[in-house]
């Protein structure tokens with residue numbers, strides 16, 4: 001049996017402000033840093049260890065991983081920073097307040113933009129300063145692969161090559177893998193692992209800073225999965241994530 005641990009980054013500054021974030025590189029709040037440290041403590045208490053870590057190229061996920069590694073005394077393990085694990089690109093919604101956007105366009109439209117499988121938000125213009133074409137962290141990414149907007153289907157399409165070419169082979173070689181990433185890149189992985197339908201994925205939310213443990217068979221099919229931590233607090237966190245895109 002193999003184990004895989006997925007962790008969404010701790011609360012970010014724009015999570016706190018209820019803004020669409022996507023590829024904008026915001027940092028953790030103090031609460032987010034504490035969530036990440038607690039995740040590391042829970043993993044250590046559960047007797048888990050890791051041989052390799054994957055994260056995105058965005059600091060909220062990177063710093064979350066740092067805190068987890070620090071709590072587990074695993075700062076020395078190899079880390080792969082992969083743009084394919086970035087959050088879904090929210091296009092022209094990046095930086096907008098979710099509740100204000102819902103008040104303007106309606107809860108239903110914002111739910112579609114946030115959670116539908118194949119409907120992307122309005123795209124950025126290529127000349128928009130929020131576009132990532134000139135960002136040095138994407139210097140080796142083909143321009144046509146740098147998005148101006150994404151739906152979850154697009155996110156799945158960029159995450160899966162990394163899974164197939166790197167993450168899955170690492171797991172099957174016996175390496176213990178932890179992935180610190182983002183709500184939608186983790187939803188993409190969970191959709192694949194649990195074979196969730198395009199319709200049902202709309203209802204899946206991922207809480208901040210909470211280790212999600214998968215136990216996998218020899219073919220990397222899930223035997224079971226579970227969150228580490230206080231289950232009531234996790235349920236409250238999931239409910240809070242679900243309500244972010246509603247008008248107030």
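Quick reminder: no glycine exception, Cβ is built from N, Cα and C everywhere.
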(request) Name the residue range among 75-95, 96-116, 117-137 that Swiss-Prot annotates as region 'Disordered'. (result) 117-137
(request) Using a Cβ cut-off of under 8 Å, list the residues of the same chain at least 6 residues beyond the compositional bias 'Basic and acidic residues' (127-137) that approach it. (result) 23-24, 57, 83, 92, 94-95, 143, 146, 148
(message) Spatial neighbours of residue 182 (site 'Transition state stabilizer') among the recorded positions 8, 9, 14, 88, 98, defined as Cα within 10 A: which are they?
(response) 8, 9, 88
(request) Tell me the Cβ contacts of residue 14 (substrate binding site) under 8 Å, same chain only and six or more apart in sequence, or just say none. (result) 20, 21, 24, 26, 95
